[in-house]
Amino acid sequence: MRFCISVALALCSVLALGSAQTHDFTSLPGCAQECLNGTFAATTCDPFTHSDSSCACQDTVALEKAEGCFVTSCTRKEELRALNVTRKACTDGPARDKSKSYREVNLSLYIISVIAVFAQYTVRYAVGRLHWLDDGNMAMVLAMNTLLFGVCYKMSWTGLGLDMWNVAPTDITTTLLYFWISEIAYFNTLGFIKLSFLLFFLQIFPEKRFRQTVWTIIYIQIASMIAFGFAATFVCTPVSFAWKQWDGEHKGMCINNNALAFTHAAHSILIDFVTLSLPITQIWKLHLGLKKKIGVMLMFGVGAFVTVVSMLRLRSLVHFANTTDMTWDYLEASLWSVMECDVGIICSCMPSIRLGLSRLFPRIMGSTNQSTAKETGGQTGRSTKLTTFTGLTTNEINVHTTFKVSHSKKQQRSEDERSFVQLVEIDGDAKSAKSSVNYGNERKSN
């Protein structure tokens, strides 16, 4: 009997507490109470005296006017507190929260990108194709992306993905601090990713004029990284005003952060289009069939995925530019930024990963080296061993070539066909790419 009474009393207490938390407007700040009194004075509902406050919640027009009054009559902290009370009183169920899904996507993409980077290092080390400039740049990509992942993951625990009125004031400040750091990390990560594509082209294509063009774009990209990184760091004066200005209690000034975000996005997309167009001129010079040219272009065109993500990210910047609910609306911009960087890393590592897979599974991946060997070896017909050329040097690469010409229809391969094989299989071996050019020059001289 006593147990039943205790359970009944406990249930009544919970219900009473829930009712008080759900329908009590008396905990509003004084400024907000005045707003409600003034707004509902001309209506039949009084949120403070009416026995059922759902009457006030159903009058959405009056409630919207009251919330507008919160903005003009209360401090920022009082406004958020008032919104917290009114939204809880008029909304059934838990507050909306996207932080968990944000963490899951962020963590998954980061793990995949790290695996891709280590796979690239492993393949290049295994085949002896390490390149200090490109590999050092990729190390910077990994470091910056790890910083980006860390602060974004931390933000999801301090308030990102929640409405501001459901986040404690100290957590809002912490979240905006992490967001400021993430913006700097994003600019640098994406910049180094673009450099990785350009450095890859330098290892593949030996033409002097083309390489000069690539180096010019590299210098432009480095300069833009420094400029955008500096602007993002000192977007406000003092610097701390970037994450403290939200409460209206601090003094300072900022440049237009929205203009900075849109300018960087436009610059990023422009560089992407220029980078994607670079190899087309080189590939088109090869005397290959149209299908093979398209195949090679598609291999170099994996970076287009990064451009697509960059364009999709632009939509999120519209909300970013006009929001007063920062912890909620900043999530979309942050998520697209994370996706853009991780997808860029994965795409930049794909050629090396493909090379490793073609070595491990030549039949499945259709290794071009293997197919070429099958077509040029073991065939009937006369063959003549020609002279070996040694000691020729071009671009500081010593060439020692022995070749055999077999008199067979299947062996009538053009020089560009061999170049195509190297474009697919070399994936960053500058020596082999340049040796192919030297080999062609030797044939012409004979």
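Just so it is clear, glycine is given a Cβ too, placed from its N, Cα and C backbone atoms.
Unlike curated entries, TrEMBL annotations are predicted automatically.
On a predicted model such as this, the values are computed, not experimentally measured, just so you know.
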Q: Determine, on the basis of TrEMBL, the cysteine among C4, C12, C90, C152 paired with C57 in a disulphide.
A: C90
Q.
Test of understanding: applying the rule of at least three C-beta pairs under 8 Å (pairs 6 or more apart in sequence), is the transmembrane segment (107-127) touching the transmembrane segment (261-284)?
A. no
Q) Near C57 (disulfide bond), which residues of its own chain have a C-beta under 8 A away, given they sit six or more steps off in sequence? A) L63, A89, C90
